[in-house]
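In TrEMBL this protein carries:
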type: COMPBIAS; residues: 189-198; note: compositional bias 'Basic and acidic residues'
type: DOMAIN; residues: 5-119; note: domain 'DUF447'
type: DOMAIN; residues: 126-178; note: domain 'DUF447'
type: REGION; residues: 186-206; note: region 'Disordered'
Amino acid sequence: MPYIRETILTTVDKNGNVHIAPLGIIAEEDGWIIAPFRPSATLDNLAEVPFAIANYTDDTRIFAGCLTGRKDWPTAPVANCPVPRLEAALAHSVLEVVHVDDDGVRPRHFCRVVAEETHAPFTGFNRAKAAVLELAILVSRLGMLPREKIEAEITYLTIAIEKTAGPDEREAWGWLMEKVTDHFAAQDTRGRDVHARPEGPLPPES
């Protein structure tokens with residue numbers, strides 16, 4: 001399996017509008033592969049402006065926020081690049097798309113590293129930050145995973161939150177858990193509707 005680095009990716013459209021999204025980039029020799037799903041703003045932006053910034057940050061609120069409708073995070077300009085970086089980035093890489101392997105589900109954008117810069121020191125690992133990241137990945141797949149799997153994972157991840165989280169990690173965890181709770185509530189509502197009207201089709205996942 002390839003090495004994947006979890007990043008916050010910034011891209012822009014042809015009008016300069018910034019899109020911020022959590023995305024794992026895939027190691028490929030001395031560059032990286034960006035493989036966004038269809039449809040997505042990241043995919044559209046790369047077609048218009050073939051550059052991206054891979055932001056390396058330990059602020060888990062950004063990962064959680066992007067998945068819960070909180071996408072307004074401060075950015076800063078990057079020299080000689082049309083795409084800005086996150087102000088909260090500890091470091092960043094400027095990626096330029098050199099070719100694309102098209103695919104009906106996840107086109108693969110092969111990128112070279114144009115430039116890299118460090119902005120702040122990495123101050124060490126924290127279990128709660130890792131737990132928030134894992135929950136963020138679960139939240140991004142709520143429609144694909146069985147409820148029992150999600151609940152079991154959350155039970156385990158909660159241990160790290162209770163023992164090692166600071167205020168930022170607890171805030172990020174809370175945002176994500178609201179999303180999980182809403183998803184389960186919607187499932188329960190659909191279940192009651194199907195029970196009441198057994199001939200009716202199950203509504204599609206939102």
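Any Cβ shown, glycine's included, is placed from N, Cα and C.
Automatic prediction, not curation, is the source of TrEMBL annotations.
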Helix-strand-coil residue split for the domain 'DUF447' (5-119), DSSP-based: 16 helix, 55 strand, 44 coil
Residue counts (helix, strand, coil, in that order) that DSSP gives for the domain 'DUF447' (126-178): 43 helix, 0 strand, 10 coil
PLDDT averaged over every residue in the domain 'DUF447' (126-178): 98
